[in-house]
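Enquirer: Reproduced below are the annotations present in Swiss-Prot:
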BINDING   TYR22  mRNA binding site
BINDING   GLN39, TYR66, GLY68  S-adenosyl-L-methionine binding site
Amino acid sequence: MEPLSIDKPFMYFDEINNELEYDPDSANEKHKKFPYQGQLKLLLCELFFLSKLQRHGILDGSTIVYIGS
């Protein structure tokens, strides 16, 4: 198997439905209430992203190997 190099990721999140779901104020948030809340949020966002790909049929016929954070 030959490695493949690409200029950008396969797909950006906003390319699925042309919506950018980013709140610029999130950079100014206060510290989290418990130490691993950020990792939990990241995991939930990753799962949400995969489910969104599935709902739009982008993953049809694909095998997904998920290596999470």
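Placed from the backbone N, Cα and C atoms, the Cβ positions cover glycine too.
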Enquirer: According to DSSP, which kind of secondary structure is TYR66 (S-adenosyl-L-methionine binding site) found in, if we only use helix, strand and coil?
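Expert: Going by the DSSP assignment, TYR66 (S-adenosyl-L-methionine binding site) belongs to neither helix nor strand, so it counts as coil.
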Enquirer: Only counting partners 6 or more residues apart, tell me which same-chain residues put their Cβ under 8 Å from the Cβ of TYR66 (S-adenosyl-L-methionine binding site).
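Expert: Looking at Cβ-Cβ distances below 8 Å from TYR66 (S-adenosyl-L-methionine binding site), excluding near sequence neighbours, one finds GLU46, LEU50.
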Enquirer: If you draw a 10 Å sphere around the Cβ of GLN39 (S-adenosyl-L-methionine binding site), how many other Cβ atoms fall inside it, taking every protein chain shown into account?
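Expert: The answer is 12.
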